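The structure under discussion appears below in the form of structure tokens.
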Amino acid sequence: MCVKKNTCVNLQIEQPYVCDKIIEEFGNEIYFAIEHSYLEPHEFCGAFIKECGTYENPLNQPWPLIIPGNKPSVKPWPIVPDGKPKMRVLHLADIHVDREYAIGSESLCSNDEGLVYAFCCRDYPPESNVGKADIKFPAPKWGIAENCDIPFITFDESMRLISLQEKFDYIIVTGDLESHAIWDYTKETTAANIANITATLLKYFPGIPVYQAVGNHEGVPMDAFAPHSIPEYEIRGPQWLYTVLNDNWGHWIPESVKESLQYRGSYSFHPFDGLKLISLNTVYCSHWNFYLFINASDPDMTLDWLAKELLDSEQKGEKVHIISHIPSGDSYCLKSFSANYYSLINRFENTIAAQFFGHTHNDHFYMYFDDANPKNRATHTAFVAPSLTTYSYLNPAYRVYTIDGNYPGSSFTVIDEENYWANLTEVNANDKLEFKLEYNKRVSRLALPHFIPEQRKC
Ligand SMILES: [Zn+2]
Ligand SMILES: [Zn+2]
């Protein structure tokens, strides 16, 4: 087995103390996956490390998904007339609170060691070699745009400030609530952190619904979401997490979703007449989900379930919003899952009104195209919101959408988007957290007057 401490240390991925802990955290899952996988060890290894076997992820081999037929004729993207009711929706992505953020600890802890990963702004125990030298760049009170997550105070004050900005119609949170100390995850701390974030949202946004999707950092270990098809599901599956999510998200979503959420971490319901919201668990496409080396074909029938949900909405003439964590097309998502998801978006382009993702921590979007069309017609956009965390080398950010609705016949399309950010250099200097509007997409130089996918083509 090549994924071991020496590799971690020799490649200077992390400090030896963390390498030890990472093996403790992931070792059992990786050994189990190798033991039960049909892959050869060199294939397993080569999927992750270039120096070890052929660098091609065998999980990228295609698996089939039945895409429902009888696609209706394509309708033009709706142009929303002025004067219609609008909804304002807050999108929080990748919060990543570090419960052990330590003011005054080294914020550039990889500086002297040439490490490629090194997670900083923490007090490491004496047996580590971090923090033994003099602290050169102490972690400030409100966080810093380095390889650090945000302290709880920054999350709490962000929520207070955002709640004062305006009254949102609802909030979406697209996963990754935990810190990047991936060697340190336990079910207890993850559950406590989720409960803490739930309590904070309830405190600052009373009466405002919050709809969430699960992120890969909610897994213990990270990304360890075993589908029902693997052996020992009872002890290895993420049902403990889905119970935690049901307990916490149950403040805002109906009882009717519980069974689906408990089974696959995905759910759907109707927040408004004519709109179905689908929360899709895309950790089942993560290339760091080692259980997929045992079976990666549509884990827990997630895309088959999505296809049926979309078909049902098409038949009822309703619109769909998808909220999820890992965007299809991102290299983190296995290719076959991405390709099948892409096909579903194109098949149901009339029905899907919007898709919202996180995970990348960046402010950007993905495009979908009608590959059969000679002009490569753009069919859809997936909105990816910037992260609240500073990891890595980022300032905290969030996004607000203006959405057509809610009235009979609403298109539920996104008609505007505003991105806000906090300059942590100023925030720490003034000891005052403050967010500013970075840009408004409809009136910015990007000039997207109607948010039509075709307008976004390069
Ligand atoms: Zn994240
Ligand atoms: Zn993520």
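Even glycines carry a Cβ here, placed using N, Cα and C.
The disulfide bond annotation in TrEMBL covers Cys8-Cys19 (among others). Cys19 (disulfide bond): 22 other CB atoms within 10 A of its CB, across all protein chains.
Residues or ranges marked as domain 'Calcineurin-like phosphoesterase' in TrEMBL: 87-362.
The number of other Cβ atoms within 10 Å of the Cβ belonging to Asp94 (Zn(2+) 1 binding site), over all protein chains shown, comes to 26. Residues or ranges marked as Zn(2+) 1 binding site in TrEMBL: Asp94, His96, Asp176, His361.
There are 28 other Cβ atoms within 10 Å of the Cβ belonging to Cys120 (disulfide bond). Among the features that TrEMBL reports, disulfide bond is placed at Cys109-Cys120 (among others).
Within 10 Å of the Cβ of Cys148 (disulfide bond) there are 30 other Cβ atoms, across all protein chains. The annotation disulfide bond is assigned in TrEMBL to Cys121-Cys148 (among others).
Cβ neighbours within 10 Å of His325 (Zn(2+) 2 binding site), excluding its own Cβ and spanning all shown chains: 30. For Asp176, Asn216, His325, His359, the entry in TrEMBL reads Zn(2+) 2 binding site.
DSSP assigns Cys285 (disulfide bond) to a helix. Around Cys285 (disulfide bond), the same-chain residues at least 6 positions away in sequence with a Cβ under 8 Å from its Cβ are Ile326, Ser328, Cys333, Leu334, Phe337, Ser338, Tyr341. TrEMBL lists Cys285-Cys333 (among others) with the feature disulfide bond.
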Open item on the list: Quick check for you: of the recorded positions Cys19, Asp94, Cys109, Cys121, Cys148, Asp176, which have their Cα within 10 Å of the Cα of His325 (Zn(2+) 2 binding site)?
Closed with: Asp94, Asp176
- [ ] Starting from the Cβ of His96 (Zn(2+) 1 binding site), draw a 10 Å sphere and report how many other Cβ atoms land inside it.
- [x] 24
Open item on the list: What whole-number Å value do you get for the CA-CA distance of His96 (Zn(2+) 1 binding site) and Cys109 (disulfide bond)?
Closed with: 19
TODO: Consider the recorded positions Cys8, Asp94, Cys109, Cys120, His359 and say which one has the Cα lying nearest the Cα of Cys148 (disulfide bond).
DONE: Cys120
Open item on the list: Restricting to the domain 'Calcineurin-like phosphoesterase' (87-362), what is the model's mean pLDDT?
Closed with: 95
